[in-house]
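Chemist: Just dropping this structure here.
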Ligand code: ATP
């Protein structure tokens, strides 16, 4: 595709926030300045595009944001942007600022919005994978996933102390409504007794058997990791079912929740966000539109947004094997 002349680029964060979004915005804006482009911050995702909450960014806006969690541009979910009328208003607002292209940082929904917007109005857009869920293809890891796993592991380590002191059985619920990436990583990284994820159903009898075997083996503590809303229900539901089979256990449930979205990004997320932020600007200048920039084997790869969001990225079978070997 022939590159259009791009002089003004808008950047936004959308959907669920993730640690490293600020680092990504900062890299996008710095790279924009490097290539003599005027940069615009669109506040509250697509909502700000519709309400015209758009401001020219200067160096001072991105000072000391790299290390901060969340997103200083704020994030939101916009129902209006899902309608053609809403997108028309958003387009008119972009034009009123003379914005020629967009960088959208968010999850699959946000990237779908960017794809539609490009199809309807021809506004060049590049997506960056900003979500803790790691559920986008075209990148080994999404921005925020590594930090979320670290946060979960740190919390589980603390739970392990109390679980061991009281011989308790803990069910810890981590985020990942449709994807068990955080659960499997945090589970392996914290020596979980079992890991329940949406992609794989584990019959309750199997789980109970596993826990019985571990009890016989006199394991000091048992922590089961449950991805929220997995096929068998969340941690509370699973714990209730298991308690019927193992009445002698003191069972506790901890839901980590939004804790996993916050905090200063890990070194990996900072590096990922920085590399992808620069690649977003360079990609747009090279005429790469309607794509997501990702990192595969430490190389930047541009994947068509449609492929990045549709391709089912699944938890590695080998990770299950490792988890199974290590939890017996
Ligand atoms: P996360 O993975 O963290 O939930 P996400 O980007 O997938 O992030 P969504 O709520 O699915 O979060 O999408 C964010 C926003 O993107 C929506 O509020 C909406 O404005 C826009 N969007 C999502 N899907 C579409 C669509 N099909 N058409 C137009 N806009 C969309």
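Each residue, glycine too, has its Cβ placed from N, Cα and C.
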Chemist: Where TrEMBL shows 131, 132, 133, 168, 175, 176, 177, 252, 258, 259, 260, 261 binding substrate, which of 85, 205, 228 is named for the same site?
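Modeler: Candidate in the recorded substrate site: 228.
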Chemist: Have a look through 160, 321 and flag the one TrEMBL assigns to the ADP site that 26, 27, 28, 29, 30, 219, 220, 221 belong to.
Modeler: 160
Chemist: Let me know which member of 10, 16, 20 TrEMBL also records as binding ATP at the site of 77, 78, 107, 108, 109, 110.
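Modeler: Between 10, 16, 20, TrEMBL records just one in the ATP site with 77, 78, 107, 108, 109, 110, namely 16.
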Chemist: Suppose we screen the binding-site residues 30, 77, 177, 221, 252, 259 by Cβ distance to ligand 1 with a cut-off under 6 Å; which survive, in sequence order?
Modeler: 77
Chemist: In whole Å, how far does the CA atom of residue 109 (ATP binding site) lie from that of residue 28 (ADP binding site)?
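Modeler: Rounded to the nearest whole number, the Cα-Cα distance is 20 Å.
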Chemist: Give me the largest Cα to Cα distance among 16, 77, 78, 107, 108, 109, 110, the residues the record lists as binding ATP, in Å as a whole number.
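Modeler: Taking every pair among 16, 77, 78, 107, 108, 109, 110, the longest Cα gap is 14 Å.
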Chemist: State which of the following binding-site residues has the fewest other Cβ atoms within 10 Å around its Cβ: 26, 77, 177, 252, 261.
Modeler: 177
